[in-house]
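> Structure below; questions to follow.
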């Protein structure tokens, strides 16, 4: 736990109350009120953080819509970050869907309408020659984790322009709530490169740069200016790319992953949590991942990232790469990806099926999802299409004909874009399918039996990766580190008692889970020579030292 010794600060009076990282509100002691010129600025009664949190929760429950609850929670975050995270800690299962998916999607769409206070940095293309100055202007100086987006592919909602800032803000809140990384170390950044969303361009309330998106060399040069400025300002930072369009996501990751410690959560984080969930689901039915035939609906960067991670895991279980690739089938709107197709994305090419391997298939119909499920005898189905309702009853019944307990993972966010609801899958499979989703869903029921729906959410993985990187002081994130995170999640899932239908442990244990994943990631970083060797005892000590808890510290006054 980060030390709880007194903190010496130069702020006083209203300036202190307006500093979210330091504000304690009604919890300032009598001595602090005198020392920091706060006497008379606060109600007389001195409260504990528990009392403040109880009031905040009472106020939260008074709102009826999730959007209003999100706005209220963001207001607390922007006025008192310690209280914000204490409230999350006390009610994490209820609050997480409000600060992140699914509610954050609506918040991104309405960002300019609900904007209250500044948070993070907005780096616009017209001001690209001032990036160094902008990074110096950040209110947080000792930044260790950055989440950056350009707002082009927000969840399943597409181009949201600067509204995409809601995602880095939400992600970093989870780095703290789940992974114990101090909010003082976290910085959300929005790269404002314009928007192609005409609705936003026509909206008089839109606060971003009103211009079509830049692309090509202009875009790449701008991102490079940003990356080089970050390297100068915080050379040891962990930078997470978030919600970039697939034509930019993979090239940016490949270009910069050896230049600074960075990863793309949509590609690598989604892959790690998906594979961890899949391994755990296979353990639920006493099988290995390498025994499965797997189909993906959606062959974008996220789906292909998961597929490549699955192939690596199959190889760890004893298959050759060629054998593993024959068991993974990618389906997009044009059907099954095969080596006869042209104009495929570079990251899709290694995942095509050879026409020679499927020459015995019945091709009298288009090789769409239903045909692939039937002819490839699919046992695991991933949904990463961002399109509602594409998992049909025919598809699920075909899965059930291939295996007694098919694994169905409709991962698209938000809930309005899910390929099938868990209740639909449960009904069509007559309670046989093992289901996990990308966003939270209520329990399903079938013939009087209730089944819990696990949320295959990146929040199970990326906070632990971040904590592990910081604890090990890693200089990069390898594929092996991501695989270690997946395996750790699966192993942890076996340890916890779970409700019927559940694959992953309850989210209320997320901090314990993140610590264990962080330890596995840090060990792998050392093994991969991306971090200096350290004893297990010292590594555990570092993890504890980096784990921030939402508690108020005593303040002592000092001068600038």
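Cβ from N, Cα, C; glycine included.
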> According to Swiss-Prot, 242, 243 bind divalent metal cation; identify which of 203, 217, 266 is listed for that same site.
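Answer per Swiss-Prot: 266.
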> Looking at the recorded positions 153, 171, 242, 243, 413, which has the shortest Cα distance to residue 100 (active site, proton donor)?
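Nearest listed residue in space: 171.
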> Specify all same-chain residues, apart from the site residues 153, 266, 413, whose Cβ lies within 8 angstroms of the center of the Cβ atoms of the NAD(+) site, ordered by sequence.
154, 155, 156, 243, 270, 302, 386
> Go through the recorded positions 153, 171, 266, 413 and tell me which ones have a CA within 10 A of the CA of residue 243 (divalent metal cation binding site).
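If one measures from the Cα of residue 243 (divalent metal cation binding site), the recorded positions that come within 10 Å are 153, 266.
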> With residue 242 (divalent metal cation binding site) as the reference Cα, tell me which of the recorded positions 153, 171, 266, 413 is the closest one.
266
> Give me the largest Cα to Cα distance among 153, 266, 413, the residues the record lists as binding NAD(+), in Å as a whole number.
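Across 153, 266, 413, the two farthest Cα atoms sit 12 Å apart.
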> Using an 8 Å cut-off from the Cβ centroid of 242, 243, 266, can you name the remaining same-chain residues around the divalent metal cation site, in sequence order?
149, 153, 154, 167, 241, 244, 249, 264, 265
> What does the structure give for the C-alpha distance between residue 413 (NAD(+) binding site) and residue 171 (active site, proton acceptor)? Integer Å is fine.
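One finds 14 Å between the Cα atoms of these residues.
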> Give me the count of other Cβ atoms within 10 A of the Cβ belonging to residue 243 (divalent metal cation binding site).
25
